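Asks: Below, the features straight out of TrEMBL:
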DISULFID  Cys63-Cys75  disulfide bond
DISULFID  Cys70-Cys88  disulfide bond
DISULFID  Cys82-Cys97  disulfide bond
DISULFID  Cys151-Cys169  disulfide bond
Amino acid sequence: RCECPNQFFLAADNRTCLANCTNGQHRCGGDDEKCIPWFWKCDGEKDCRDGSDEPPTCPPRKCRPGTFQCDNDKCTPSANICDGNNDCGDNSDERFCNLTCPDLEFKCRSNGRCILNAWKCDGDPDCKDGSDEDPEMCYNRQCDPETEYTCKNKRCIPKLWVCDFDNDCGDDSDEPAYMCRQKNCTTGWQRCPGRTNYRCIPKWLFCDGKDDC
């Protein structure tokens, strides 16, 4: 029996992994089995390899590609969708906000906006109502041991952020020098030169004329 990654489920043939899209997402077809946000459909940009997000039935585009076209043909940045404000004027940018968020996202209380789980309890309010930084939720939160690292201050950050030479925890507990110096770089990456710098960067960034370390 095959094992599927997060947000995928095993099809009846016991061999194929299919994207487990929510009702707030569009499922790409063909061999490009993935989920994309509903507002990427008919936005003028082909996000699915099979082009199913830009079918001939899409209304004529009056906005530049990548922006959200309101029902009244007004254009607004995608970042304004589900932000609690009637940016379109006809409220079409706030219409489908009470939808289920994907597994790795958090739903804001007041407007139903979906944000990355990594943004939850990170010390910065990303929801307009601050519900992603609710003290009771953040104090009792348990980090996912599979994908997250528990900081000393109880903040949860993605494991990929550990030993990246950035203080993502806020208390520097994700950058213990003694541990980071022993950590091996991912295949295709290389450690920056110098005894005090343990950051790993892609090999192609070396000798490119820019200081990436």
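A Cβ is built for glycine as well, from the same backbone N, Cα and C atoms used for every other residue.
Where the annotation comes from TrEMBL, it is an automatic prediction and has not been curated.
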Asks: Considering only the disulfide-bonded residues Cys88, Cys97, Cys151, which residue has the minimal Cα-Cα separation from Cys63 (disulfide bond)?
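Replies: It is Cys88, whose Cα lies nearest.
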Asks: Given the disulfide-bonded residues Cys70, Cys75, Cys88, Cys97, which one's Cα is the least distant from that of Cys169 (disulfide bond)?
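Replies: Going through Cys70, Cys75, Cys88, Cys97 one by one, the Cα closest to that of Cys169 (disulfide bond) is Cys97.
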Asks: Cβ-Cβ under 8 Å from Cys70 (disulfide bond), same chain, 6 or more residues apart: which ones?
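Replies: When sequence neighbours closer than 6 are ignored, Cys70 (disulfide bond) has Thr76, Asp87, Cys88, Gly89, Asp90, Ser92, Asp93 within Cβ distance under 8 Å.
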Asks: Please work out which residue of Cys63, Cys75, Cys88, Cys151 has the most C-beta neighbours within 10 angstroms of its C-beta, and give that one of the disulfide-bonded residues.
Replies: Cys88
Asks: Check Cys75 (disulfide bond) against DSSP and tell me helix, strand or coil, would you?
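Replies: Note: Cys75 (disulfide bond) is in a strand by DSSP.
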Asks: By CA-CA distance, flag whichever of Cys82, Cys97, Cys151 among the disulfide-bonded residues is nearest to Cys75 (disulfide bond).
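Replies: Smallest Cα separation from Cys75 (disulfide bond) among Cys82, Cys97, Cys151: Cys82.
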Asks: Just going by other Cβ atoms within 10 Å, which of the disulfide-bonded residues Cys82, Cys97, Cys169 has the emptiest spot?
Replies: Cys97
Asks: Sorry to bug you, but what's the C-alpha spacing from Cys151 (disulfide bond) to Cys82 (disulfide bond), rounded to the closest Å?
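Replies: Per the Cα atoms, Cys82 (disulfide bond) and Cys151 (disulfide bond) stand 31 Å apart.
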